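**Q** OK, TrEMBL features for this one:
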type: BINDING; residues: A:2; note: Ni(2+) binding site
type: BINDING; residues: A:73, A:76, A:89, A:92; note: Zn(2+) binding site
């Protein structure tokens with residue numbers, strides 16, 4: 001449930017971003033989440049639905065892209081991807097690893113309608129099945 | 001249309017965390033964030049460590065709990081300045097909460113502050129609170145699969161404490177599994193085996209904290 005306060009700040013940032021670009025509506029919020037983080041996109045969606053009522057983000061959909069945990073093996077020197085459930089080098093099985101990535105959490109992009117360019121934007125929205 | 005954003009979502013908390021850190025540094029205080037499951041033994045460990053460290057450091061405690069102040073009362077009985085931080089249902093402490101509550105402690109008279117975070121292996125790991133040292137506690141009865149299940153908590157800590165180590169003979173706890181997984185996700189950080197009940201291992205942990213506290217404020 002830590003997603004509640006995260007969503008409050010996420011929404012605040014998205015609204016100010018939309019405002020600075022003269023966007024009239026936010027349709028999609030694209031997030032990137034490293035697999036080591038305990039962030040549940042469905043929870044963010046539920047809180048967003050509650051918090052965004054009456055704002056330009058009302059009805060916006062969360063699209064989350066999970067980023068892999070990347071490591072470099074300190075024994076064989078190779079890089080590779082692992083999952084939190086199998087914490088060893090995918091090449092040689094060593095447990096002696098250096099973590100390269102997997103803790104990311106950022107807003108990648110927004111899909112918005114821009115004032116004065118609504119037809120194009122809403123067409124785009126329809127294409128994406130966001131209506 | 002798509003607009004690129006590339007905004008780090010946790011910046012709002014990280015910024016306040018840095019402010020808290022600066023406030024503490026100006027008072028030469030080292031703050032320690034103690035995290036672990038409900039029942040892992042956070043309060044008992046803090047109580048025991050106070051006994052080991054109180055002759056060398058002036059200590060204060062921030063007791064985080066969803067509700068109530070049972071733990072704060074336990075600590076206050078030791079004559080240590082203690083404030084209760086009730087999160088009213090929230091599952092973690094944020095930097096902003098610490099910023100608000102710090103003035104309730106006599107900062108001029110403290111060297112070390114223990115923050116007992118909310119009992120939870122997921123949410124507290126996501127939030128820096130201005131601490132100089134993060135301690136993650138895992139007790140033997142909780143089981144040996146926790147590093148794999150809650151990797152961020154063990155990746156982002158400065159040390160892991162295996163508590164209730166005297167219980168090891170009574171549980172099917174694969175210590176090697178925990179140590180190997182912990183070393184994989186956090187190769188530089190040390191591991192301590194303690195029992196707050198018997199006192200075993202506490203001197204080593206207290207020594208580590210004293211050394212970190214010394215370097216954090218110098």
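Just so you know, glycine gets a Cβ as well, placed from its N, Cα and C.
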**Q** Between residue A:92 (Zn(2+) binding site) and residue A:2 (Ni(2+) binding site), what C-alpha distance do you get in Å?
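**A** Between the Cα atoms of residue A:92 (Zn(2+) binding site) and residue A:2 (Ni(2+) binding site), the distance comes to 37 Å.
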**Q** May I ask you to pick out the binding-site residues among A:76, A:89, A:92 with a CB closer than 8 angstroms to chain B's CB atoms, ordered by sequence, or 'none' if no residue qualifies?
**A** none
**Q** What's the CA-CA gap between residue A:2 (Ni(2+) binding site) and residue A:73 (Zn(2+) binding site) in angstrom, rounded?
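**A** With distance taken Cα to Cα, residue A:73 (Zn(2+) binding site) is 33 Å from residue A:2 (Ni(2+) binding site).
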**Q** Sorted by position, what residues of the same chain at least six away from residue A:76 (Zn(2+) binding site) have a C-beta under 8 A from it?
**A** A:89, A:91, A:92, A:94
**Q** Which has the fewest other Cβ atoms within 10 Å: A:73, A:89, A:92, the binding-site residues listed?
**A** A:92
**Q** Compute the mean position of the Cβ atoms of A:73, A:76, A:89, A:92, which form the recorded Zn(2+) site, and then list in sequence order the other residues of that chain whose Cβ is within 8 Å of it.
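**A** Near the Zn(2+) site, the remaining chain residues are A:74, A:75, A:77, A:78, A:80, A:90, A:91, A:93, A:94, A:96, A:97.
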**Q** Could you tally the C-beta atoms, other than its own, that fall within 10 angstroms of the C-beta of residue A:2 (Ni(2+) binding site)?
**A** 22
